[in-house]
Structures are given as structure tokens and as C-alpha cells.
């Protein structure tokens, strides 16, 4: 009796192909990045790259893409139209103007302290300036009583103010001095004492403005009169004789106009009445400027950018519907220029700095638009470090 031997059927091409496809899908499933959906949500379909990865449009070190692959233009247009009038007010381009070109560099105008510091409480008293200490260690008191604050009831003060003290040449003449006990004068010594009990000078807005306003009356005179007035000498002997005739007379307040204090006017920037007396100030700043790190500025309309949480998102930027243009400043080179020789063991390089800018972007699920902060290059800084 002969036994028949059963041979296994040969593998067909279809079976081999099916096995290959199954293996390929299995390997792809294990090597592909995990889906971006959380807690059973469907994978995100509107992202330039999965979380933790960089899209192919971004070069190494870049935080934005001007042209992103698979940019959802149609979806973004429909969502912008859904917003309606809000899109026109929320989507704003950055301007091309430079701050240095529009900044105001002139000397600020000096105003009355009352206009600079308005009263916080309407029912409270008006602001009469800060209570600074006098040059001799006292604290001036505020004037009491009502009336118009722009005018002083008593034109002469018992004790000189600090400004009058500086403009009167020290505040004393011929050895006279103020007595701190009786308020009188004595001829012994050269020191100045002020009665600081109740002899303080009240605030006067007229004198405040008079210090800083130039005297325009001399501008209207003839040039020869102004020159004669400046050249005319002062008879000092006659002035000393008049003071000796009245030794017991109290020391009067200096009648010199405080607006002629040239030190103060030079600080403010007011021109002198006589051009011959004008003092020229030499500028100490170097005329030219040089930068350590050269930069290139450009305005971009990014379609994808890296947000502050480290994820790449699609940014709303469609030329005809909605545009968000931002400024980027990139380092032109990696080495610092215009530097002196560095010590041994130190090197310098230009380092790119970034800032966060708030833009409107597309949500990962494509349902709506939202605002987010993205990183953009802002400046280039020269850093010196040890090797």
C-alpha cells in the first residue's frame, strides 16, 4: 500500500504582498509621531508641525516662516469674514517709521509747578511745591491766609530766598548779617543767619515764571543803547558811600532782577542780551557713531511662527483679507566689529535677541481664531565671554 505525501501549497504573490503591506503599516505606526489630540480627541490637522518638531519651511535658528506648507488659506478667510468688523480693528500692521526719526530732542519747556502737579484731592489745598530745605538747614513753611496765589501781599520778604541769595553775591554786604534771635542785623563777622521761626518766603508763581522767561524788552531797544548800557561802568565808590551814610539801616532785599542770572539762563537755554557775552560750549560727543554688531531690518508677514510655549502655529496672514506685518532685525554677521584688542582668553560674538509679539493665529483644531505671543528677532548684541 502506497502512502501519498502531501506537499504544502506554494505561497502566492498576493499573500506575499499582503504580508509586506501589514509589516509596513506596523513599522510606520510605531515610528510616526504621536497624535496631537488629547483625551481621545481627533488629531490636530491645522498645525505647521506636530508639537516638539520644526516645520520644513523654517531654517535652523529661525522662529517663523513667511511661506508655510499646506497653509489653510480658505479656512482662515472664512473665519476672518465670520469675525466681521472686528478683523479690521484687531489686525494692525507695524509701521515703517523709526523712533529716532520721530522723537523730539529739544529742551523741554518749564512750566509752573501747579500745572505740572495737579492736586489729587479737589478739596485739598493747592500744591505749592516741595518742602525743600533752605541752604542754611531750615525747613520753609507754607504761607497762611487766602488771596490770589499768583501775587504776594507783601512784596518784600524778611528772609532771602535761595535764588535771591545766590544772585546777590552771598546775601550780605559790608559785613552785615541777619540775627537768628531778633531778626536784626549786626556788623560783626561775615556769616549769615536767618530767622527760621516764621520768616519763610511764600510761594509766588509770578517769581517762578519770571526766573525762566527771557527779558524781551531789551530786544526792542536800539543796538547802540544796549551796547552803551552794557559797557557803562558802575560807580562802586558812590554805592559804598551811600551804605556808610546809613549804617543802622536794615539790610534791604537785593533788587537785582533774578531773570538776569546767567547761570540759570544758560541751563535753560535762553540767549544772552548781548551777543558778545554769549559763551560757546564745546561738544564732547564724537560726531560719528559705530555699531558693534551690524543688523539687517526687514518687515515680514509670517504664515507660521513659534509661540511662547514652544509650539508652531499658523498665523493669520492673507494678503487680500487679513495681514499682520511685523518688523524683524537680524544679525548680519557673527563677529563684533570696531572692538579693541581683547585680553587673552576672551572672545566676542554677535548674539541674536528675540522679543514676543502678540498676533492672531489659527487654533490647532481649526475651529476658531485666537491671540497668541510669538518669538521674533529684535536686535543683535555683542557679548564678550571667556574661551
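Every residue gets a Cβ built from N, Cα and C, even glycine.
Residues or ranges marked as compositional bias 'Basic residues' in Swiss-Prot: 276-286.
Positions annotated as disulfide bond by Swiss-Prot: 293-350 (among others). Classification of residue 293 (disulfide bond) by DSSP places it in coil, neither helical nor stranded. Counting every protein chain shown, 22 other Cβ atoms lie within 10 Å of the Cβ of residue 293 (disulfide bond).
Residues annotated as disulfide bond in Swiss-Prot, with similarity to another entry given as evidence: 331-380 (among others). In the three-state DSSP scheme, residue 331 (disulfide bond) is classed as strand. Packing around residue 331 (disulfide bond) is summarised by its Cβ count: 20 other Cβ atoms lie within 10 angstroms of its Cβ, all protein chains included.
Taken from Swiss-Prot, the feature disulfide bond applies to 340-382 (among others), supported by similarity to another entry. Of all the Cβ atoms in the protein chains shown, 17 others lie within 10 Å of the Cβ of residue 382 (disulfide bond).
Annotation comment: Swiss-Prot describes 291-384 as domain 'Spaetzle', evidence class sequence analysis.
Feature annotation from Swiss-Prot assigns N-linked glycosylation site to 195 (among others).
Annotated N-linked glycosylation site per Swiss-Prot: 204 (among others), in sequence order, evidence recorded as sequence analysis.
According to Swiss-Prot, the region 'Disordered' annotation covers 133-197 (among others).
Per Swiss-Prot, the feature region 'Disordered' maps to 219-256 (among others).
Per Swiss-Prot, region 'Disordered' is recorded for 269-291 (among others).
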Greatest C-beta neighbour count within 10 angstroms, which of the disulfide-bonded residues 340, 350, 380: 380
Overall pLDDT of the domain 'Spaetzle' (291-384), taken as the mean: 90
Helix, strand or coil at residue 340 (disulfide bond) [DSSP, three-state]: coil
Integer Cα-Cα distance in angstrom, residue 350 (disulfide bond) to residue 380 (disulfide bond): 6
Of the disulfide-bonded residues listed as 293, 331, 380, the one whose CA lies nearest the CA of residue 340 (disulfide bond): 293
Residue 293 (disulfide bond) and residue 382 (disulfide bond), distance between Cα atoms, whole Å: 6
